[in-house]
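Taken from TrEMBL, the feature compositional bias 'Basic residues' covers 1-15. For 24-35, the entry in TrEMBL reads compositional bias 'Basic and acidic residues'. TrEMBL lists 1-42 with the feature region 'Disordered'. Taken from TrEMBL, the feature repeat 'TPR' applies to 43-76, 111-144, 148-181.
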């Protein structure tokens, strides 16, 4: 469904350059504030104004204020890091990298700064550099009071990069220093499970959940999700469903403003569904010659979450004539939000986009392309850009106005497997995943999303192709050939070596564990293990089972 236009003051503030820490604990934030003072962070009213502008979503103004403050304090390492984080949040990664390098050169032997740099590299998705900074901090100050926290951050990076032995060693070293840190015991359980030590993982998680009531709701829910994974792998499907349901219950009790935002987004999606028409697409297609040309060609890879977009993206990204962006929010941040800014909440987004002059649409095209190159940290050149993001499904009725020349690759999977996977998947609570708190809600959200796609595919002028996950797993070469032909790219054997490419690339999707594994068929027809739990959803899903040709698989 299409994103809603947020009302103020409801909803969360945008992550600021100072607070975007990828979930760092409150204690870590306090320690970083101390480091700022110790590193001589001079007061500057422009910094306070920049923060205010950022929270008001006036990003360009905020960055200008940060830059002016930096002109008067060019050797302020903390300010360099703040501006770097602001650049990164606006897809200006090359400039962010330059400022981080400058900060590092100013204080190469300061352990406190190395920790800050490490967290900044995490935000930049430079995990190897982050690991280097954390290790450097440990070397520079072996008796630091932050050693346990730094070791945990190091362990977390190792786990994300599939370096599980190193993750275990760092987590155990941290736990020895901080035996009551529940997050460390949780991380060791994750490593145990991933390395096949299932009973050890179960024991850690069971003891963790029984030991206290002071864990954050998020960590408690994550522990139940891990138990759900273990139960599923061991064939205890009732236990797996029950553990996932408990995780959902915990998260749902702390949903707060997320529910409000989700309702707003759902209402916007309903207005979009009602307003979109074949006439709109035809008019937008006719306006295409009046729009500024893109430097290259664009395709989007979308579909409902858990439909196989990550696998397909990894395969296509191995082609030398294509470069993919994995769940980069540039379409929303540089196209949808700016074009809808200031419009009444009740105005359907297709009407807003339709009324925009071609000059403004052309400016959004350029801004999007620039943001994508900034996020990718390289020129796209003559390669095709593949924007992979399941969230783009709800934007398809709108971005056809801005990109009438784009191609659409739409991932399909058995609706029952999609719904079951969304329900069981460990996801952070947000306006999308909040619809997965019960199996019935999950099915209704799937139906709303796919109802939109069924309508769109009858009227869009953009070329599109559907790719079934089951077909890709069964014969990856034939599906790769089919999609490459649709994208007008020549066949290249390198796409069959996608696992090697996946090892080298950070994956944003929650399925990051699976992308480096060989293809497996166990995820096909997985819903049958949960047929009893899916019974209440059958009538909701049946129209889509039939529409996408999965009726035969029901027997």
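Glycine residues also receive a Cβ, built from the backbone N, Cα and C atoms like all the rest.
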The repeat 'TPR' (111-144), counted residue by residue under DSSP: helix, strand, coil:
27 helix, 0 strand, 7 coil
DSSP says what for the repeat 'TPR' (43-76): how many helix, strand, coil residues?
25 helix, 0 strand, 9 coil
Which value does the mean pLDDT take for the repeat 'TPR' (111-144) in this predicted structure?
94
